[in-house]
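Engineer: Supplied in structure tokens, the structure appears directly below.
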Amino acid sequence: MTASNDGTEAMLPSKIPFWRLIFDQRVVTEEVMQFSYTGSGTEDDPYAVVWIPADPRNPMNFRPVKKWSITLLVSFVTLAVSLVSSAFSGGMSQIIEDFGASQEIVILGVSLFVLGFAIGPLIWAPLSEIFGRRHIFTISFMFLTVFNAGAAGAKNIETLVILRFLAGSFGSSPFGNGGGTIADMFPASQRGIAISLFAAAPFLGPTLGPFIGGFLASAAGWRWVEGLLAAFSGMLWLCIIFLLPETYAPVLLRRRAEKMSTLTGKVFRSQLDIDRGPAPLGKTLKTALSRPWILLFCEPIVLLFSIYLAIVYGTLYMLFAAYPIVFQEVRGWSEGIGGLAFIGILVGMVMAVVYTFPENFRYAKKCSQTTDRLAPELRLPPSMVGGIALPIGLFWFAWTNSPNIHWMASVAAGAPFGFGMVLVFLSVFNYLIDSYTIFSASVLAANSALRSLFAMAFPLFTTYMYHNLGIHWASSIPAFLALACVPFPFIFYKYGARIRQRCTYASEADAFMRRLAEKNQAILHEEPDSEKDDKTNSVARVADDTYSSDTDTLSTVPSRGTIARHASRASRQSGRSLHSVATAAQYEENPYDLDLVNTRQSAISRKD
């Protein structure tokens with residue numbers, strides 16, 4: 001297994017047929033077979049399989065068009081699942097008539113679907129790290145389609161709500177896997193806009209559901225709504241099968257190593273598996289299910305911001321029960337027209353996504369102007385703006401929803417609410433990722449679970465609240481809750497550094513990143529004597545690439561591409577393999593994956 005890799009630094013990724021990219025996760029080309037791997041091919045010293053330069057199967061080497069096509073697909077899939085959660089509300093009045101059920105029981109069709117959002121990602125995310133993201137997408141969407149189709153033919157309300165719960169549990173896989181897929185393809189310095197589009201999808205989808213479901217229910221009945229959702233999810237399932245390749249590097253390298261072992265009779269193992277050691281399914285699931293709750297209840301930062309986002313997300317789903325009362329019961333609108341009231345929220349969300357583009361560029365500029373790690377608190381200014389917009393929109397809606405005030409006033413109130421909601425979510429997500437780095441997957445899981453529980457609960461008491469308090473004061477309650485949370489971003493912006501030092505796991509993550517930064521800087525500044533004349537320019541190029549992050553990167557931690565480029569030079573000059581140099585102190589930088597290696601010595605590992 002020897003081959004020269006001189007000059008490979010400038011190589012472009014070779015091409016393989018598209019069908020092979022989709023269906024062959026063990027791609028082995030002649031270049032792959034001839035590459036020089038470390039090891040001797042025995043059980044005790046296996047060949048260590050890594051990505052070769054210009055590897056066509058490395059997701060980081062995908063062409064930009066392919067990367068953005070996959071990004072749009074996983075973002076649309078995520079939007080579709082959240083749309084399915086709310087489209088059910090468009091036909092609730094007909095379901096009440098058909099089954100003779102109370103409104104509170106029928107609302108369970110929304111609440112239990114969202115409960116699946118709390119449970120599903122805790123299981124699907126760790127499973128994707130063992131079996132791959134594509135398999136999880138494929139299996140979960142197959143069952144989502146089946147359960148949606150079953151709901152269309154449900155003979156009683158009990159069957160309907162149970163099938164809705166199962167559909168939500170299986171359909172929730174994109175909430176973790178989608179972000180992981182994007183992070184698999186984009187280095188941190190290029191991930192900002194892609195993650196923004198993906199993160200906005202769970203909020204855009206629910207606002208589209210009510211008027212799609214409302215018009216279809218009015219024209220054809222609620223069973224056609226469920227039938228359309230089944231057909232829609234089935235179409236996306238086929239798109240996943242034929243258009244979505246596997247992107248998770250550890251799984252791809254593991255399967256390639258297995259094929260190379262079969263072809264040659266030698267022993268090959270993925271370098272990532274060698275470095276990390278075995279990850280048993282039971283241990284991975286136990287960690288994935290327990291660690292989020294430890295962080296949620298032991299870390300004030302995680303708890304407070306999770307409560308904040310849970311209130312906001314719960315309010316969004318509360319509106320799926322409140323808008324029919326305000327616009328259909330009080331104003332007398334039809335189901336279809338009543339669903340159009342959500343357009344105000346949708347407009348605000350789109351405005352927020354547009355607002356994030358210049359914010360990403362501003363943050364990237366700050367990264368490029370310093371060689372120090374930027375404080376996580378610099379992520380919070382958009383949440384300050386969004387936090388103020390939230391109560392403004394909610395109070396505006398609360399006191400303009402009377403029928404003697406023009407309907408445009410209350411519909412327009414949704415715009416500042418939608419605008420503030422997306423800004424707060426994106427800003428706080430980035431803050432939590434930057435603050436907890438090696439624990440970020442569990443922090444995001446805790447946040448997702450709590451907000452989904454709130455989104456499940458809020459619609460259940462909405463009808464009672466609106467009928468007992470009236471539409472003005474009932475609508476004011478979430479506004480007061482949002483108002484109470486306004487100081488959170490301001491407090492953490494000013495005192496966040498001190499608070500993080502007093503938090504056990506935030507301070508551990510910070511200490512780890514400081515050590516890693518020092519180690520990486522030492523590696524990047526290693527230059528052989530023959531390169532000393534070029535040292536200044538080389539370091540400058542590395543710095544330019546390293547500190548250009550615009551999302552969840554850590555500015556002193558070089559991107560994979562930067563380390564690999566430097567390593568390809570160093571490996572030829574020092575005799576070390578590209579992989580041993582590139583990963584000597586590399587952090588994966590994927591906030592959606594459990595980090596069982598770098599947290600192995602953490603106090604949290606003793607609690608898993």
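Each residue, glycine too, has its Cβ placed from N, Cα and C.
Feature list, courtesy of TrEMBL:
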- 523-536: compositional bias 'Basic and acidic residues' (COMPBIAS)
- 598-608: compositional bias 'Polar residues' (COMPBIAS)
- 523-580: region 'Disordered' (REGION)
- 589-608: region 'Disordered' (REGION)
- 70-93: transmembrane segment (TRANSMEM)
- 105-124: transmembrane segment (TRANSMEM)
- 195-222: transmembrane segment (TRANSMEM)
- 228-253: transmembrane segment (TRANSMEM)
- 293-316: transmembrane segment (TRANSMEM)
- 336-357: transmembrane segment (TRANSMEM)
- 378-399: transmembrane segment (TRANSMEM)
- 405-429: transmembrane segment (TRANSMEM)
- 436-461: transmembrane segment (TRANSMEM)
- 473-493: transmembrane segment (TRANSMEM)
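Are these features on the surface or tucked inside, and what are their neighbours?
Structural biologist: Sequence-distant neighbours of the transmembrane segment (105-124) (same chain, 6+ residues past either end, Cβ-Cβ under 8 Å): 84-86, 88-89, 92, 95-96, 99, 136, 140, 157, 160-162, 164-173, 175-177, 285, 288-289, 292, 317, 320-321, 445, 448-450, 452-453, 455-457, 459-460, 462-463.
Away from its own ends, the transmembrane segment (228-253) comes close to residues 21-22, 25-26, 49-51, 57-59, 69-70, 73-74, 76-77, 80, 84, 87, 128-135, 137-138, 141-142, 144-145, 148-149, 151-152, 171, 180-181, 184-185, 216, 270-273, 276 of its chain (Cβ-Cβ under 8 Å, at least six residues beyond either end).
Tertiary proximity for the transmembrane segment (378-399) is limited to same-chain residues at least six positions away from its ends with a CB under 8 Å from its CB atoms, namely 312, 315, 348, 352, 355-356, 359, 363, 366, 409-410, 412-424, 426-428, 430-431, 434, 471-473, 475-476, 478-480, 482-483, 485-486, 488-490, 492-493, 496.
Beyond the ends of the transmembrane segment (405-429), by six or more residues, the same chain brings 196, 199-200, 203, 207, 305, 308-309, 312-313, 315-316, 326-327, 331, 340-349, 351-353, 355-356, 379-383, 385-390, 392-394, 396-397, 444, 447, 489 to within a C-beta distance below 8 angstroms of the stretch.
Within the chain carrying the transmembrane segment (473-493), a Cβ under 8 angstroms from the stretch's Cβ atoms is held by residues 301, 304-305, 307-308, 311-312, 314-315, 318, 322, 326, 377, 380-381, 383-384, 387-388, 390-391, 394-395, 397-399, 401, 424, 427-428, 431, 462, 465-466, 499, all 6 or more beyond its ends.
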Engineer: Compare 70-93, 195-222, 293-316 by their Cβ pairs under 8 Å to the transmembrane segment (436-461) and return the stretch that comes out on top.
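Structural biologist: Highest pair count goes to 293-316.
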Engineer: Could you give the residue numbers and ranges of same-chain residues that sit at least 6 residues beyond the transmembrane segment (70-93) on either side and whose C-beta is under 8 angstroms from one of its C-beta atoms?
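Structural biologist: Result: 62, 103, 106-107, 109-110, 113-114, 117, 137, 141, 144, 148, 164, 167-168, 171-172, 174-175, 177-178, 181-182, 185, 194, 197-198, 201-217, 221-222, 225-226, 228-229, 232-233, 236, 239-240, 243-245, 247, 317, 320-321, 324, 328, 335-336, 339.
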Engineer: Which residues of the chain, 6 or more past the ends of the transmembrane segment (195-222), have a CB below 8 A from one of its CBs?
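Structural biologist: Residues 71-72, 74-76, 78-92, 94-95, 98, 175, 178-179, 182-183, 228, 316-317, 320, 323, 334-340, 342-343, 345-346, 349-350, 352-353, 356-357, 360, 418, 421-422, 425-426, 429, 551-552 contact the transmembrane segment (195-222) from elsewhere in the chain.
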